[in-house]
């Protein structure tokens, strides 16, 4: 199986800078696993890497969609696998950086998606009329396992899970459990983390930096171009929390606090998910020697392959 290096971890833990260092060290090229960085113009709020920060390392799945377009896990699976094959064909190491657990698992495992049902769009439109509270309560009743993995205010994912349940007449979690999910790549999944209080401080510094860099102006510009808070692109953390501000209902401080809360909640859920669902190796990046240990483990993993031994 072809080798793929994966770096995951909470916002502000240092994935971007480390990914560049590792790509330079191991002849890697980087695939963004972030579901918002695929959108052009959503730069500051998604923490999108700049051209200068890339230092010449090729990046994939960044700025490939307009903010009005929709995307899905199945789309990411297809695009990420195409990128991994292209990178491997050049003799380089594919590296997926960032992304949710489901995105990573879909890319690396034999993960099958249900074929599109023509009734799905109509049902989605009907569910769109319900409140987030109603949708979450319904999902909790019919599929508590899936509900536990979705934020109560992530309306798009709530609707998708309920559509699957209604059309398949079975819980989404049950359908997924029937799949074997065999790995189709030799992936080393490395999770980056740090002490909780230090991470919170990093997140606060990052969010304040985004606001100072012009996040509010970026969102205002998107809205002036016809992008709506109802568009999928604006459902990510760092963007959706500003709806109340632009509707004149909330202050900058309130939007900031929502971003901080949602980011902390997401980091906890993701750490739990990866630990339970994947063979992940966690590295405490604020501890001495952890980066060196990470590099050593990557070297040992690569040398399991004869082609990499000869480099």
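Yeah, the Cβs are placed from backbone N, Cα and C, and that goes for glycine too.
TrEMBL tags one of the stretches 30-33, 34-37, 38-41 as region 'Interaction with substrate tRNA', and that stretch is 34-37. For residue 11 (ATP binding site), other Cβ atoms within 10 Å of its Cβ number 21. Cα-Cα distance from residue 12 (ATP binding site) to residue 119 (site 'Interaction with substrate tRNA'): 40 Å (rounded to the nearest whole number).
There are 23 other Cβ atoms within 10 Å of the Cβ belonging to residue 15 (ATP binding site). Looking at residue 9 (ATP binding site) and residue 100 (site 'Interaction with substrate tRNA'), their Cα atoms lie 9 Å from each other.
Recorded residues residue 13 (ATP binding site) and residue 100 (site 'Interaction with substrate tRNA') have their alpha carbons 15 Å apart, per Cα-Cα distance. Taking the Cα atom of each, residue 16 (ATP binding site) and residue 100 (site 'Interaction with substrate tRNA') are about 15 angstrom apart.
Using a 10 Å radius centred on the Cβ of residue 100 (site 'Interaction with substrate tRNA') and all shown protein chains, the other Cβ atoms total 21.
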